[in-house]
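Visitor: Quick paste from TrEMBL:
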| type | residues | note |
| --- | --- | --- |
| SIGNAL | 1-24 | signal peptide |
| TRANSMEM | 40-62 | transmembrane segment |
| DOMAIN | 41-104 | domain 'V-ATPase proteolipid subunit C-like' |
| TRANSMEM | 83-108 | transmembrane segment |
| SITE | Glu91 | site 'Reversibly protonated during proton transport' |
Amino acid sequence: MSRNRRAVVLTAMFVLMLSSLAFAQEQMSAVGLKFFITTVFVAGFGIAIAAFGGSLGQGWGLQKSVEGIARNPEASGKITVTMLIGLAMIESLVIYTLVVELILLYAYPMAKPLAKFVGLEVG
């Protein structure tokens, strides 16, 4: 898939996801359900992107460190320590994404102000 086609597909997906907020003239429960469904979809999409990017980064880091150890076996200790620190940093970014996704799904603090802004009655 070409780069332009990918950009068009991603833009269309985001427009379709956000279009439900533009038609927020329904009952509170229906809008809340649409908001939750959109949040679940975005959370799944976000963690998929984070896991994909993290796995690519870890794979490349591991590949380069093994190549460095193969070229210079005496430096294997320093390379291994640096590689493990780098892998921990990459994994922490994926874990941060997971934490943000869980906050969005279970304890989103801006849900009530957002609902008031859209024009919904919040009890």
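Placement of Cβ uses the backbone N, Cα and C atoms for every residue, glycine included.
Keep in mind that this is a model prediction, so the values were computed, not measured.
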Visitor: Long-range same-chain neighbours of Glu91 (site 'Reversibly protonated during proton transport'), Cβ under 8 Å, sequence gap at least 6?
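Guide: Expected: Gly54, Gln58.
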Visitor: Going by DSSP, how much of the domain 'V-ATPase proteolipid subunit C-like' (41-104) is helix, how much is strand and how much is coil, in residues?
Guide: 63 helix, 0 strand, 1 coil
Visitor: Please compute the mean pLDDT of the model over the domain 'V-ATPase proteolipid subunit C-like' (41-104).
Guide: 90
